[in-house]
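Asker: Questions regarding the structure given below will be posed in turn.
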Amino acid sequence: MSVAIIGAGAFGTALAVSLASKGPVTLWGRDTGWAAARENPRLPGVALPPALHVTGRLDQIAAETVLLALPAQVLGGFLAEHGARFDRRNLVSCAKGIDLATLTGPSALIAAACPHATVAVLTGPSFAADIARGLPTALTLACADAGAAEALQRQLSTATLRLYRTTDMAGAELGGALKNIIAIAAGAAIGAGYGDSARASIVTRGFAEMLRLATALGARPETLPGLSGLGDLVLTCTSEQSRNFRYGLALGAGRDFAAGTTVEGAATARAVTRLAERLGIEMPISNLVAGLAQGSIAMEHALDFLLNRPLKEE
Ligand SMILES: NC(=O)C1=CN([C@@H]2O[C@H](COP(=O)(O)OP(=O)(O)OC[C@H]3O[C@@H](n4cnc5c(N)ncnc54)[C@H](O)[C@@H]3O)[C@@H](O)[C@H]2O)C=CC1
Ligand SMILES: O=C(CO)COP(=O)(O)O
C-alpha cells in the first residue's frame, strides 16, 4: 500500500520523513517553495530523504493511504473543496482539535466529505521534531474497523515510530484534542508564577474534564488513560516544545505570542465550551481557557474563576 500526506507543516513533514525510511512517500503542501532546498522551514535542521517527494499538485496524490495533517480548523474547508478526490481510500486524520463550525472532530469531517473512505486517527504524544530526528515515539492508530486498524498499524509503524491500535476512534481523537486545552491552562499557571503544584492540579482536574466530556461523546473510558489521552496530556503540559503550553505561558505572563503559530487548544476550547453547555457538563478549566483565548476573561481573574466555586467531592 502506498502512502501520501496532505499538509506540509511540521507534523506532516515529520511523518513523511519517518515513513520514507520504509519506501516512497508523497507530501502535498500548499506552499512548496522550500522543496528544492530539501528542508522545510517549519521543521528546521531536518534534511528530507530522497524517498520523499514533495508536490503542490493534488492530482499527484494517488496513494491508497492518505494522512491528513492539516490544522483542525482548516480541514473542513480543504475537504469541502477537495474531499471528493480522496473518497474510497484509507484516510488517516492527524489533526488534534474540534472543528468550531460543526463541533465535531476531524474524523467526522472526513467521513462526511468522503463517505466511502476508511477513516482512521493517528494521535498520541509526539513532537514533530522528535519524530523527524528518529527519536523513539509511540502513537495510537484508531480505526473502527479492526482489520483496517491492523493493516494501517503495520503500514504506518517505522523502526522508531511504534503504533498501538484501538477501535475507539472517539476516545483516541478526543484525548488528543482536549489535552491541548489543558496544556494552555498548565502553561498559563506556570507563566503566571502559580508554581508546579498548581500545574499538577490543572493536569489532574483537566484529565477529569477530558474523561467527562469524552465519555459523554461516546469514548470508552479506558482509552483516555492511554497514549492518546494521558500520555499526550503529560507531554504537552510539561514541555516548552509544545506550542499550546508556550501560548499558555505567554497568556500567564502577559506577553505577546507569535501570530500565525498553530495553537489548536484555543479554538478547541471555544468548541468544547459550546459542546459542554449543550450536554450539561461542567468543564471549568476549558471554559477558562476559552475565555482567556477570546479575551473575555482577564488573567488576573483566572484564579477566582477556578477557586471560588462550591467545594465538591473529587
Ligand atoms: N507539530 C507537532 O509536533 C504535532 C502536530 N500535530 C497536529 O498536526 C496538525 C498540524 O500541525 P502542524 O503540522 O504542527 O502545524 P504547522 O503550523 O507546522 O503547519 C500547518 C500547515 O498547514 C498549512 N495550511 C494552513 N491552512 C491551510 C489550508 N487552508 N490549506 C492547505 N494547507 C493549509 C500551512 O501551510 C502549514 O504548512 C495539528 O492539528 C496539530 O495538533 C500532532 C502531533 C504533533
Ligand atoms: O500534539 C503535540 C504533541 O503530541 C504537539 O503539541 P503542540 O501542538 O502544543 O506543539
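Cβ coordinates are placed from backbone N, Cα and C, and glycine is handled just like the others.
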Asker: Among Asp87, Asp232, which residue shares the sn-glycerol 3-phosphate site with Lys96, Gly124, Ser126, Lys179, Ser242, Arg243, Asn244 according to TrEMBL?
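Answerer: Only hit among Asp87, Asp232 in TrEMBL's sn-glycerol 3-phosphate site, alongside Lys96, Gly124, Ser126, Lys179, Ser242, Arg243, Asn244: Asp232.
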Asker: Using only what TrEMBL says about NADPH binding by Phe11, Arg30, Lys96, Ala128, Arg243, identify which of Glu64, Glu150, Glu222, Glu264 is listed for that site too.
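Answerer: Of Glu64, Glu150, Glu222, Glu264, Glu264 joins Phe11, Arg30, Lys96, Ala128, Arg243 in the NADPH site that TrEMBL records.
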Asker: Measure the Cβ-based neighbour count of Asn244 (substrate binding site), defined as the other Cβ atoms within 10 Å of its Cβ.
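Answerer: Summing over all protein chains shown, Asn244 (substrate binding site) has 27 other Cβ atoms within 10 Å.
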Asker: Checking your reading of the structure: which of the binding-site residues Gly7, Ala8, Ala128, Ser242, Arg243 lie inside a 10 Å Cα sphere centred on Arg30 (NADPH binding site)?
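Answerer: Near Arg30 (NADPH binding site), where near means Cα within 10 Å, the binding-site residues are Gly7, Ala8.
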Asker: Restricting to the binding-site residues Ala10, Ser126, Ala128, Ser242, which ones have a CA within 10 Å of the CA of Lys179 (active site, proton acceptor)?
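Answerer: So the list is empty; none.
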Asker: Of the binding-site residues Gly124, Ser126, Asp232, Glu264, which sits closest to Arg243 (NAD(+) binding site) by Cα distance?
Answerer: Glu264
Asker: Including all protein chains displayed, how many Cβ atoms other than that of Arg243 (NAD(+) binding site) lie within 10 Å of its Cβ?
Answerer: 22
